[in-house]
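Reviewing the structure listed below.
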């Protein structure tokens, strides 16, 4: 079984490559690809770490060698956010990069699952879907946007606010993966399986912080980058869990995937997902929303729908 990481020389990619080398199951092949000539060296560097995961690096314009035989492709390639940039500003550059990479996936390993980390996820996942459709290989079970960082942040910030042990806290996060489209369901937040209670002021402040945590990091790094380390850790959590699901382990994670037709949600939406041998096996119920969450859902839908339309129109002008 093989994982291909596209964008392996970037700020997220290098750390994610290290974490995958440490955490993927014994015997996994890890292929690292980036346009940068340092990529084979990154593979050599992590190959000195004593785990039973083999790493090989590829550089240049063509990722085909890295993609051959891949079961799971993780895409982190693209430019990072800088101060003053929104995720939408990234679109013009990253849309082309992801489109070209997904075209290669469609050609070389059309049955592989694809996890997109590159922002703006809301728009790039629909681009990938359209590219795969055009190639005649689209399978909605095998394409997902990685929104794990939103769940990780919700868990961390909630545990800090409520002074609970972070490992005991669970907070669902649905919607999209940009500012106002990120919707933490604090009404369903649990610690040690028991509901947590919040004042309205806490709900609003915590929701705002989770939605804008990416900007918090960009500003704190003072022009020196975006959230690379927490994103790499979140990406590793997701990739390893999904890869193990492809091997038969039970796995439920939140991810930005194609919604059920007639569900009332936008065409792509972050749901709780059961992953299995074929990728997405089941979209699980989102559960009951509070009045505040229902209002927020109503606000985010048109924003997310516009993001999705932007992606589809990019491939089909």
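Any Cβ shown, glycine's included, is placed from N, Cα and C.
For the NAD(+) site that Swiss-Prot gives as 7, 8, 9, 10, 11, 12, 13, 34, 117, 118, 119, 231, the extra residue drawn from 94, 100, 212 is 94. Reduced to three states, the DSSP call for residue 153 (substrate binding site) is helix.
Candidate binding-site residues: 94, 118, 119. Fewest other C-beta atoms within 10 angstroms, 94. Annotation for the binding-site residues 7, 11, 13: lowest Cβ count within 10 Å of the residue's own Cβ, 11. Among the binding-site residues 7, 9, 13, 94, 231, none has a Cα sitting within 10 Å of the Cα of residue 177 (active site, proton acceptor). According to DSSP, residue 231 (NAD(+) binding site) is assigned to a helical segment.
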